[in-house]
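*Asks:* I am attaching a structure below and will ask some questions about it afterwards.
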Amino acid sequence: MAAQAPTEELSKLSVSDAAAKPTKPGPDTATATNGNLNRDDDDSDDDAENAAVDAAATGAAKKKKKRKPKKKKKAPTAQSDPPRVLISQLFPNDSYPKGEEVEYVNENSYRTTSDEKRHLENITFNSEFLTDYRHAAEAHRQTRKWAREFIQPGKGLTEVADGIEDSVRALVGHSGLEEGDGLKAGMGFPTGLSINHCAAHYNPNAGNKMVIQQEDVLKVDIGVHVNGRIVDSAFTLAWNPRYDPLLDAVKAATNAGIKEAGIDARLGEIGGVIQEVMESYEVELDGTSYPVKSIRNLNGHTINHYSIHGSKSVPIVKSNDQTKMEEGDVFAIETFGSTGNGYVREEGEVSHYAKRGDAQKVDLRISSAKTLLNVINKNFGTLPFCRRYLDRLGQEKYLLGLNNLIANGIVESYPPLVDKKGSYTAQYEHTILIRPTVKEVISRGDDY
């Protein structure tokens with residue numbers, strides 16, 4: 001997300017042999033010879049009795065026949081389409097894949113083998129921290145793999161947003177519909193679906209009828225969190241190859257920024273490297289060449305627990321910022337390129353909101369604002385949300401209360417960010433962990 005500057009026990013059939021009462025010998029009495037019972041025609045009662053015994057014994061034998069045990073369902077080994085198989089089932093015992101681990105170089109190369117740094121890493125990046133991040137990252141990778149195939153010209157933005165967000169929630173096992181469930185795992189922020197000159201922060205509100213066109217350049221910015229550990233990663237889609245140089249420029253710039261990132265790296269210098277790579281590309285559209293420009297008032301940023309924007313910003317143009325990256329930091333390295341002015345402004349209907357982490361306690365006089373704040377606290381906390389998220393929780397007629405919370409400095413709104421109309425913008429982004437021994441590009445995948 002751009003920073004602006006979950007047997008019947010066989011009832012044993014007791015077959016009791018009929019106890020025949022002894023009878024006095026007489027003309028009609030059967031006599032035993034050599035242990036064999038000789039019956040005459042009048043012994044029909046005994047025959048019936050023995051037949052019953054035989055039948056009962058046969059029935060018991062049938063009942064004692066063991067039933068075949070039901071076959072246990074095998075654990076799923078592949079993802080479904082759309083993604084609905086829990087990541088935790090595909091990777092049991094928290095064995096989630098690592099991101100791309102990159103060793104430090106030059107004066108920091110010792111860190112890879114340092115026992116001291118390994119010990120520090122066990123303290124700073126405990127197993128729960130890494131498990132949650134890797135869980136979220138794998139959910140991100142599998143969601144975007146599906147999304148890249150699903151998103152095509154002719155699809156509506158609402159259908160795309162719902163598809164992505166339903167997939168994320170299914171993969172982490174938390175629908176977010178029960179109170180507090182969305183705080184356990186789910187969306188780290190509303191999915192950004194920004195088209196052409198709109199660079200960031202566009203998500204369809206209810207009733208949106210926008211449809212993706214063949215000539216569109218679409219930025220897809222997805223946030224996934226597990227226990228407040230947010231993975232923020234974005235990519236761009238275009239269906240006309242004439243836009244490929246723009247996408248290539250931004251992807252290369254993002255990777256250059258990731259390469260420069262590390263302990264003690266100065267943020268202003270990283271921005272200079274990003275700008276140099278970005279602006280070495282140009283795009284030819286309808287016979288005119290356009291230089292690709294870094295959007296100078298958009299930045300990468302640190303990510304905090306349950307907070308998408310931390311206190312440090314990573315510029316994408318050269319600056320004098322001497323702030324250093326430090327052990328334990330989590331950064332979103334994101335870059336934006338444009339064929340326009342290379343500068344964005346706020347414009348259009350707002351969809352993104354977030355409760356401010358530093359919000360002061362205010363005596364709210366509008367009841368709908370109080371009610372809505374309670375919903376926000378219990379379901380999102382400081383995680384960003386959008387109007388559709390409030391709609392799916394059953395909230396109605398909340399705009400007055402929402403605007404009141406904004407006016408009182410409790411909630412912040414994030415309008416769409418646009419360059420000049422007619423221009424095209426692209427975005428690529430990864431989340432990296434600045435670990436004491438290596439940097440881990442946690443969201444890296446086979447796609448980008």
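Keep in mind that glycine also has a Cβ here, set from the backbone N, Cα and C atoms.
Automated prediction, rather than curation, is the source of TrEMBL annotations.
I grabbed these lines from TrEMBL:
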{"type": "BINDING", "residues": "His201, His309", "note": "substrate binding site"}
{"type": "BINDING", "residues": "Asp221, Asp232, Glu429", "note": "divalent metal cation 1 binding site"}
{"type": "BINDING", "residues": "Asp232, His301, Glu334, Glu429", "note": "divalent metal cation 2 binding site"}
{"type": "COMPBIAS", "residues": "40-49", "note": "compositional bias 'Acidic residues'"}
{"type": "COMPBIAS", "residues": "61-75", "note": "compositional bias 'Basic residues'"}
{"type": "DOMAIN", "residues": "133-348", "note": "domain 'Peptidase M24'"}
{"type": "REGION", "residues": "1-93", "note": "region 'Disordered'"}
*Asks:* What's the CA-CA gap between Glu334 (divalent metal cation 2 binding site) and Glu429 (divalent metal cation 1 binding site) in angstrom, rounded?
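*Replies:* With distance taken Cα to Cα, Glu429 (divalent metal cation 1 binding site) is 4 Å from Glu334 (divalent metal cation 2 binding site).
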*Asks:* If you measure His301 (divalent metal cation 2 binding site) to His309 (substrate binding site) at Cα, how many Å is it?
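*Replies:* Each residue's Cα considered, His301 (divalent metal cation 2 binding site) and His309 (substrate binding site) end up 6 Å apart.
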*Asks:* Counting across all protein chains shown, how many other Cβ atoms sit within 10 Å of the Cβ of Asp221 (divalent metal cation 1 binding site)?
*Replies:* 26
*Asks:* Applying a 10 Å Cβ distance cut-off over all chains shown, what neighbour count does His301 (divalent metal cation 2 binding site) have?
*Replies:* 23
*Asks:* What's the CA to CA span in angstrom from Asp232 (divalent metal cation 1 binding site) over to His309 (substrate binding site)?
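*Replies:* Spelling it out, the Cα of Asp232 (divalent metal cation 1 binding site) and the Cα of His309 (substrate binding site) are 10 Å apart.
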*Asks:* Counting other Cβ atoms within 10 Å of each residue's Cβ, which of the binding-site residues His201, His309 comes out lowest?
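*Replies:* Comparing Cβ neighbour counts within 10 Å for the binding-site residues His201, His309 gives His309.
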*Asks:* Cβ-Cβ under 8 Å from Glu429 (divalent metal cation 1 binding site), same chain, 6 or more residues apart: which ones?
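*Replies:* Correct list: Asp221, Asp232, Ser233, Ala234, Phe235, Thr254, Gly300, Ala332, Ile333, Glu334, Thr335.
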*Asks:* Taking 8 Å from the centroid of the Cβ atoms of Asp221, Asp232, Glu429 as the cut-off, which other residues in that chain fall inside it around the divalent metal cation 1 site?
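*Replies:* Other same-chain residues near the divalent metal cation 1 site: Met1, Ala2, Gly192, Ile222, Gly223, Ser233, Ala234, Ala332, Glu334, Gln427, Thr431.
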*Asks:* Glu334 (divalent metal cation 2 binding site) has how many other Cβ neighbours within 10 Å of its own Cβ?
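*Replies:* Result for Glu334 (divalent metal cation 2 binding site): 29 other Cβ atoms within 10 Å.
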*Asks:* For the domain 'Peptidase M24' (133-348), what's the model's average pLDDT?
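*Replies:* Over the domain 'Peptidase M24' (133-348), the predicted model scores a mean pLDDT of 98.
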